[in-house]
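Have a look at the structure below, then the notes.
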Ligand SMILES: [Co+2]
Ligand SMILES: [Co+2]
Ligand SMILES: [Co+2]
Ligand SMILES: [Co+2]
Ligand SMILES: [Co+2]
Ligand SMILES: [Co+2]
Ligand SMILES: [Co+2]
Ligand SMILES: [Co+2]
C-alpha cells in the first residue's frame with residue numbers, strides 16, 4: 001500500500017446535512033431511483049489520465065504536482081501509480097475507470113517495447129481487479145501526445161502513421177477485451193487540421209472512415225461485445241477536428257455505413273466548445289439511438305479552451321440526466337469524469353474531494369431528473385404542445401403533397417394562430433426539482 | 001424612373017489606379033480568367049431584402065432609412081421599390097438578384113390576398129426583366145418574420161403552420177420557376193428551438209425531412225430544373241437552428257435520402273457563427289459534391305451575431321474562391337451579397353458603393369485564386385505531402401485489416417518519422433497572390 | 001382596471017413544496033435574513049420596457065405580442081399600459097420599477113411635444129403611486145432607439161445631438177427626482193462605434209466625460225439625493241461600446257474625476273458578453289466601492305448577443321449575492337430584471353410566471369449566500385490563504401524596495417513553497433448551500 | 001558557428017515579383033517611408049522564447065522539435081542556442097530581439113544559482129552583440145512557468161513569492177539595463193485568478209500596484225532610460241488576468257498613479273481574446289498617450305486560446321500601423337513577433353520563412369498605412385464628420401450646463417438630422433491601399 005492517500009478513509013454516505021468535506025451528501029450507491037440502484041444508473045468512472053498521469057502543466061507552465069510515481073518513465077513507478085489509483089478507486093467505491101495506453105505504461109524504445117510494457121501493466125491491473133469491484137468502463141489509445149501523431153493518426157498524410165495507429169488500436173482493443181471492458185472509445189484529437197492549405201480533406205475523411213470500419217471488423221473478429229464509441233470535440237488540439245460535434249459524427253457514421261455499429265461518447269466541455277448545451281448533444285444522439293456514454297466534466301464558460309473541470313452545477317447536470325433517462329439510460333456506457341484538478345490543487349485530498357463533489361452533483365442531478373420524470377410535467381407539456389400532430393388529418397397532410405395542401409390553405413380553411421411556448425413556466429417547473 | 005439613384009451613373013471598370021469611389025477597380029465582367037469571363041465565374045446577385053426591404057432597424061433601434069417606397073405595405077410603393085431595385089441592377093450591371101416573397105409584395109389580409117399581391121409583383125418583375133440582362137439567381141420564402149412562424153415553419157408544433165409553409169413554398173417555387181430562376185433556397189431561421197424543454201427534437205427533424213422531400217417532389221412535378229439549396233446557420237434568430245453548418249446539413253440530407261437532390265448555399269457570416277472559416281464550409285461541401293451557391297457577406301469577428309456586412313478582406317475571399325475553383329466553380333449558383341448597409345449608411349450612394357466595393361473584393365479574390373491555381377504551388381505541396389498514399393503498398397494496407405498491419409508494425413518494419421507541415425511557408429505563398 | 005391580468009390573483013408565499021406555478025416558493029418578503037427583511041435585501045424592480053413596451057420582435061421577426069395598449073403611439077393607450085403595469089406590480093407585490101422615457105410616453109411631434117406627453121404620464125404614474133407601495137428604483141433616458149441617436153448621444157459627431165441628449169437627460173432626471181426615484185441610470189448603447197474608420201475616439205470620450213460631469217452637476221443643482229449609475233455593456237447595438245465592462249467604466253470615471261460621484265449598474269448578461277462571470281463584475285465594482293445596483297438577467301451561454309432572460313440558475317445567482325452581501329448590500333440600488341419574455345411566451349400568465357420564477361431564484365440565491373456568510377467557511381479559507389501577509393515582516397517588505405528584498409532572496413533566506421489553492425474543495429463547500 | 005541554419009543565406013530584398021520563398025518581397029530596410037527608413041519605423045524584434053525555447057508542445061502533446069540545444073538544462077547548450085539565435089538575427093538582418101530570463105539561461109539549484117547562470121549568459125550575449133547591429137528591444141522575467149508562480153507573482157497569497165518576484169525583476173531590469181535594452185516589459189500571466197472563491201481581489205490588486213511602483217522606483221534608481229511596459233491579456237493561463245485589456249490597464253495605472261510612468265505593450269492575439277480588434281487597442285492606448293510597443297502576432301479567429309501565429313493578413317496589419325503612424329510611431333517600442341511556429345513546422349527553414357513572411361506582411365501594412373496618411377482621405381472624412389464641433393457655439397455649449405442647453409432644445413431651435421456614417425465608402429477607400 002502506498003502512503004499517498006494514507007490519511008483518507010473510504011468515503012461514506014452521510015446525508016445532505018453533514019459538514020464533512022470527505023463524505024457523500026447525495027450519492028448513496030444502493031438507494032433506488034426509478035427502480036434501479038443509483039450506482040447502476042450513474043456508473044461512475046475515474047479517468048486515469050487526468051487523475052494519475054497529468055502532472056499539472058499548462059501551456060504557460062510546467063508540472064506543479066509532485067507524486068511518488070514521478071517521473072513516469074519507469075515500470076516500477078507505473079506500478080506505484082497503479083497502486084495509488086486502485087487505492088483511490090477503493091476510497092471512492094468507484095465501479096469503473098478508463099485508460100489510454102499511454103497513461104498506464106511507460107513508452108518503450110519502439111512499438112514492441114511499448115507493447116511489452118503495456119501487457120505487463122495490464123496483467124498488473126488484472127491482478128488488482130481480481131479482488132475488487134472496480135471494472136473497466138472503456139479503454140482507448142493515446143494517439144495525440146507523441147510527436148509521431150502530430151499530423152494525425154488515421155488521417156495522417158504518412159501511411160506509416162496509419163499503420164502505427166492501426167497496430168496501436170488493435171493492442172488497446174485486445175487489452176480492453178481482456179480486461180472485460182464494456183466499451184472502446186476513439187477520440188481523434190489530431191484527426192483534423194491546422195490549416196486547409198496543407199490538408200486533403202476528402203482523402204483524410206475517407207481514411208478515417210476506413211479506419212473506423214477496421215475497428216468494427218476487429219471488434220467482431222475478436223468477439224468483443226462492448227460498444228465502439230467516438231468522442232466529438234470541435235477543436236483543441238487541432239484547429240478543426242473532424243468529429244466536431246454529435247451531428248457531425250452522426251453524419252460521418254452514416255456516410256461510412258457505421259451508424260449501426262458505433263455510438264457517441266459525449267462530453268459537456270466539448271459540447272460547450274462546439275456552441276451547444278450538453279443536453280443538446282445528448283438529445284441529438286438520443287434522437288438517433290446513438291447515445292453511448294458521457295464525460296461529465298464541465299468547461300469554464302469564460303474560457304475558450306477545454307478546461308475539463310469537475311461538474312459543479314446541479315441545474316445543468318439535472319437536465320443532462322433527464323435526457324439520458326428519457327433515452328433509456330446509459331446502457332453499457334457510464335459517467336466518466338474526464339476532469340482534471342486545477343493545477344494549484346496539489347494535495348491528495350484535493351483529488352479525492354474533487355471526485356466526491358462531482359459524484360454528489362451527479363447524484364443530485366439524477367434524483368432531480370428522476371423526480372421530473374415521475375412527476376411527468378415536462379412530458380405532459382410536450383404532448384400538449386404537439387397534440388395537433390396526433391390527429392389523422394395532420395398525418396394525412398404530412399403524407400400528402402404541396403398541391404393538395406395548397407388547395408386547403410388558399411381556400412382559407414387553414415389560418416394558424418400562435419400559442420405560447422411557455423418557456424419561462426417550464427424553466428420554473430425545472431427549478432422546483434433542482 | 002425613380003429619382004432615388006438619380007445622380008449615379010452606371011458603374012464602369014476604370015482599373016486599379018482610379019480614385020473614383022464609384023468605379024470598378026478590379027471587376028471587369030468580360031475579362032477572361034482561367035478561360036471564362038469574370039462575370040460568368042462570379043455570377044453576382046443583389047439580395048432584395050437587405051438592399052430594398054430592410055429599413056435600418058436593429059434590436060435596440062428603429063428604422064433609420066427613409067426611402068420613397070416606405071412604408072412598405074402598399075402595392076404601388078412595392079412597385080416603386082421594384083423600379084429602384086432594377087435601376088440599381090442596371091447601374092451595377094448586375095447579372096442576378098434574389099428575393100423572399102415578403103421582400104417584394106405587401107402582406108395581404110390572408111393567404112389568398114398575399115398570393116394575389118405576390119403574383120402581381122412577379123408579373124411586374126417579369127415585365128422589367130424582358131428588356132434586361134438581370135436574371136433571378138434564386139427565390140425563397142420568408143417563413144420567419146411574421147408571428148405565425150414564431151415556433152417554426154415545417155417544424156412547428158402546429159400542423160396548420162406546416163400546411164401554411166407548404167402552400168407558401170409552393171407559390172415561391174412556382175414564381176421562381178416562372179421567372180427562370182436558377183435555384184430555389186430554403187433557410188430555416190425558425191427551424192430550431194429556443195429551449196429543449198418545449199421541443200420534440202426527433203419529431204421536428206422528421207417533419208423537416210418530410211417537408212424537404214415534398215420540395216424535391218414538387219420540383220420534379222413542375223419541371224423546375226434549378227437546384228434546391230439549403231442554407232446552414234447555427235443560430236439567430238433561433239437559439240439552435242437545425243441546419244447548424246455544412247456537416248450537419250449534409251448528415252441531415254443523407255439521413256432523409258436527399259443527398260443527391262439538395263445542395264448547400266453557404267454564407268461566410270454563418271460559417272463564422274458556427275466556429276468555422278468560410279473556406280472550411282466550402283471545402284466540406286465540395287468534398288461531398290454539395291457545393292451549391294454562396295452568400296459572400298462577412299461577419300464582424302468581434303460581434304456574436306450575424307452582422308451581414310459586405311466583404312472587405314481580400315485574403316479571406318481569395319481562399320474561398322480558391323476552394324470554389326478547385327471544386328469546379330459555382331455551377332447554377334452564384335455570389336450573392338446577403339449583406340446590409342450599416343444602419344448609419346443612409347444614402348443611395350452608400351448602397352451603390354457597398355456593392356461596388358464588394359464586387360471588387362470578390363474580383364480581386366477570384367483573380368488571386370486563379371493565379372494560385374495556374375501557379376500550382378498549393379496543389380504541388382498537397383501532392384507531395386500525401387505522396388506516400390499513392391503507392392501500392394499503402395493502398396493494400398488501407399484495404400487490409402488490423403492483424404496484418406499489426407504484424408508489420410510490431411516487427412519494427414514501420415517506424416514513422418514526422419515531416420514538417422510547412423504551414424507558414426504555404427501562408428507566405430498565398431500572400432504572394434493576394 | 002384592465003382585463004389583462006384578470007384571471008391572476010396576487011402572488012403569495014406558499015413554501016418550497018407547492019406545485020402552484022403562480023406562487024412564491026422561496027421569496028417571502030418579510031422573512032428575515034442576516035437581520036434584514038428579504039424584500040429590503042433584494043429590492044426587486046420590474047423593467048417597464050421589456051415587460052410592457054417590447055412587442056416581441058427580434059432581428060428576423062416582427063411583433064408577436066398583442067396587448068391592449070398596442071400600437072403604442074397614443075396617450076390613451078399609454079395609460080392603459082400604465083394601468084396594466086401597476087396591476088402587475090400589485091400582483092407581484094413589487095417594491096420597485098424602472099423606466100426609460102420612451103417606454104412610458106408616446107413620442108411627440110418634436111422635443112416639446114414629447115416632453116408634454118412625458119410630463120402627463122409622470123403625473124399619471126404619481127397618481128397611481130399615491131396609494132401603493134411600489135416606488136421608482138431608477139429612471140433613464142432612451143437615447144438609442146430613435147434614428148436621431150444612430151451615431152451616439154453625448155458622443156455624436158453632431159453637437160446638436162449632444163444638445164438634444166442633454167435636454168433629454170435633464171427631463172428624465174427631473175422626472176426621476178419628482179417621483180422620488182432612488183437612482184438615475186445612464187446606459188450608452190450607442191456611445192461607441194461601428195467602425196474606427198469614421199470615429200474620433202479621443203474626442204468622443206472627452207465629450208462623454210463632459211456629459212457625465214454635467215449630469216453630476218445637475219444632480220447637485222436640483223438636490224437629487226439618489227445615486228448616478230452607469231451600466232457597462234461591451235457591445236450591441238454598437239460594435240464597441242465605451243462602457244465596455246466594470247473595469248473600463250471605473251477607469252473612465254477616474255480619468256474624468258467622477259469616481260466619487262458615479263457608481264455602476266451591473267448586468268449579468270453584459271458581464272457574460274464581456275467575457276466575465278457576473279460575480280467578477282460585482283467583485284471588481286465592490287473592490288472600488290462602486291457597486292451601485294444590478295440587472296439580474298442572464299444571457300444564454302450559447303448565444304453571442306444579449307438575450308436578457310430571467311435568471312434561472314441558483315448556483316450562479318447565489319455567488320453574486322454572496323459578493324453583494326460581503327460588499328454591504330445594494331444600498332440605494334436594487335435587483336432589477338432587465339429581462340424580456342421569450343417572444344413565443346405570448347400570455348399574461350407567462351409574464352407573471354417569469355417574474356415569480358426570477359424572484360424565487362434570487363430569494364434562494366440570497367438565502368444560500370447568507371448561509372455561507374453565517375457559516376464563514378469561505379472567509380476563513382481566504383484569511384488562511386493570505387495569512388502570511390498579516391505579519392509585520394510581510395508588510396515591511398511590501399513597503400521596502402527591490403534592493404533590500406533582493407538581498408534577502410539571494411541569500412537563500414526566502415524559498416517559497418506552493419500550497420494547494422483548494423478550488424474543488426471550495427466549490428464543494430458552495431454546493432452545500434445552493 | 002552552428003550547423004542549424006547552415007543551408008540558409010542572409011535574406012535580401014528581391015521585390016514583389018520574386019518567387020523565392022526566402023527573400024523579402026516588401027521589406028526593404030533602407031527604403032524611406034514618410035521620411036523615415038522602413039527599419040526605423042518597424043523596429044522588428046525576434047522573441048527568443050517562441051523561436052528558441054519553445055519545444056513544440058501543446059496541451060495534448062509533447063515536444064515535436066528536435067534542436068541541437070535540447071534538452072535546455074545545461075549552460076553549454078544554452079550557448080549553442082544563443083549561437084543559433086544570433087545566426088538567425090544575422091540571416092534576417094534583425095535589429096532587435098527580446099527575452100525572458102528563463103528563455104536564455106538554465107534554471108539553477110536556487111535563486112543565486114539561477115542568477116549566476118543568467119549573468120554568465122548575459123555576458124555571452126554582450127560578446128555577440130559587440131560585433132552586431134542587433135539590439136535588445138526589451139527584457140522581461142518569466143514569472144509564470146515554474147511551479148512557484150502557480151498562484152501569481154506579485155499577487156501571490158504568499159509574501160515570499162512577492163519577494164522572489166521582486167528579486168527576479170530586479171535582476172532582469174539590471175540585465176536589460178546592462179544590455180542597453182530600450183524597454184522593460186511585465187506580462188502578468190499568473191497575476192489573476194482561477195476562482196474568486198479563493199481570491200482576495202482587492203488585496204491582490206493593491207499588491208500588484210505596489211509592485212509596479214517598485215519597478216518604476218528601481219528604474220529611476222539605476223538610471224534606466226527605457227520605457228516600462230505592461231502587456232494586457234484577458235486570460236490564459238489564468239481564468240481572469242488583471243491586465244485584461246488596454247482600458248483595464250490604463251485604469252489600473254491611473255488608480256496607482258503610474259499613468260505617467262508606464263505604457264502598454266499590445267498584442268494582436270490578446271486584443272482578439274479580449275473581444276477587440278487590434279486597431280481598437282492601439283487607438284485606446286494612443287488616445288491616452290500610452291502606446292508603447294506591439295507584439296504583432298495574430299490569433300486564429302476560430303480558436304479560443306492564444307495561438308500566437310505570425311501575422312498574415314495585410315488589411316488588418318495596415319489598419320494597425322495606420323493608428324500607430326497617426327500616434328507618432330512606436331517611439332522606444334518596436335514590432336515584436338511574439339509568435340511561434342505551428343508545432344508541425346519542424347525545420348529551420350520554417351523558422352526563417354515564418355519571420356520573412358511576417359516582416360513582409362508588416363512592411364506591406366506599413367506602406368499601405370503611409371499611403372493612406374499621405375492621401376489624407378481618412379483624416380478628411382473625420383474632420384468633415386466632426387466639423388460641427390469646431391464652431392464656437394458648439395464649444396460654448398460643451399462648457400455650459402443642462403439648463404441652458406435645455407432652453408435651446410425645448411424652444412425647437414435644435415432638431416438634429418442624421419447624416420450618413422459612410423462606413424462602406426471608407427472601407428472601400430482602405431481597400432484601395434491594401
Ligand atoms: Co475535454
Ligand atoms: Co472527454
Ligand atoms: Co447572415
Ligand atoms: Co444568407
Ligand atoms: Co442586457
Ligand atoms: Co441592463
Ligand atoms: Co499571446
Ligand atoms: Co505578447
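Every residue, even glycine, has its Cβ placed from backbone N, Cα and C.
Per TrEMBL, the features are as follows:
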- A:100: active site (ACT_SITE)
- A:103: active site (ACT_SITE)
- A:231, A:267, A:295, A:338: Mg(2+) 1 binding site (BINDING)
- A:267, A:270, A:306, A:308: Mg(2+) 2 binding site (BINDING)
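All features noted in TrEMBL, drawn onto the structure.
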residue: A:100; record: active site; DSSP class: strand
residue: A:231; record: Mg(2+) 1 binding site; DSSP class: coil
residue: A:267; record: Mg(2+) 1 binding site; DSSP class: strand
residue: A:295; record: Mg(2+) 1 binding site; DSSP class: strand
residue: A:306; record: Mg(2+) 2 binding site; DSSP class: coil
residue: A:338; record: Mg(2+) 1 binding site; DSSP class: coil
Residue from A:100, A:103, A:338 whose C-alpha is spatially nearest that of residue A:308 (Mg(2+) 2 binding site), among the recorded positions:
A:338
For residue A:306 (Mg(2+) 2 binding site) and residue A:100 (active site), determine the Cα separation and express it in whole Å.
18
10 Å Cα neighbourhood of residue A:338 (Mg(2+) 1 binding site): matching recorded positions from A:100, A:103, A:270:
none
Among A:100, A:103, A:270, these being the recorded positions, pick the one whose CA is nearest to that of residue A:295 (Mg(2+) 1 binding site).
A:270
Candidates A:231, A:267, A:270 (binding-site residues) - the one closest to residue A:100 (active site) by CA:
A:231
Compute the mean position of the Cβ atoms of A:267, A:270, A:306, A:308, which form the recorded Mg(2+) 2 site, and then list in sequence order the other residues of that chain whose Cβ is within 8 Å of it.
A:233, A:268, A:269, A:272, A:273, A:295, A:297, A:299, A:307, A:338
Cβ-based neighbourhood (8 Å from the centroid) of the Mg(2+) 1 site, residues A:231, A:267, A:295, A:338 excluded:
A:187, A:233, A:265, A:266, A:268, A:269, A:270, A:294, A:297, A:336
How far is it from residue A:270 (Mg(2+) 2 binding site) to residue A:231 (Mg(2+) 1 binding site), counting Cα to Cα, in Å?
9
Counting other Cβ atoms within 10 Å of each Cβ, which of the binding-site residues A:231, A:295, A:338 scores lowest?
A:338
Sparsest Cβ surroundings (other CB atoms within 10 Å) among the recorded positions A:100, A:270:
A:100
In whole Å, how far does the CA atom of residue A:267 (Mg(2+) 1 binding site) lie from that of residue A:103 (active site)?
20
Give the sequence-ordered list of residues that share a chain with residue A:103 (active site), lie 6 or more positions from it, and have CB atoms under 8 Å from its CB.
A:48, A:49, A:52, A:53, A:142
CB contacts for residue A:308 (Mg(2+) 2 binding site) [other CB atoms within 10 A, all chains]:
23
For the binding-site residues A:267, A:295, A:308, A:338, which sit with their CB under 6 angstroms from an atom of ligand 2?
A:267, A:295, A:338
Test of understanding: give the count of other CB atoms lying within 10 angstroms of the CB of residue A:267 (Mg(2+) 1 binding site).
27
Enter the number of other CB atoms within 10 angstroms of the CB of residue A:306 (Mg(2+) 2 binding site).
25
Of A:100, A:103, A:231, A:306, A:308, the recorded positions listed, which put a C-beta under 6 Å from ligand 1? Please answer none if none do.
A:306, A:308
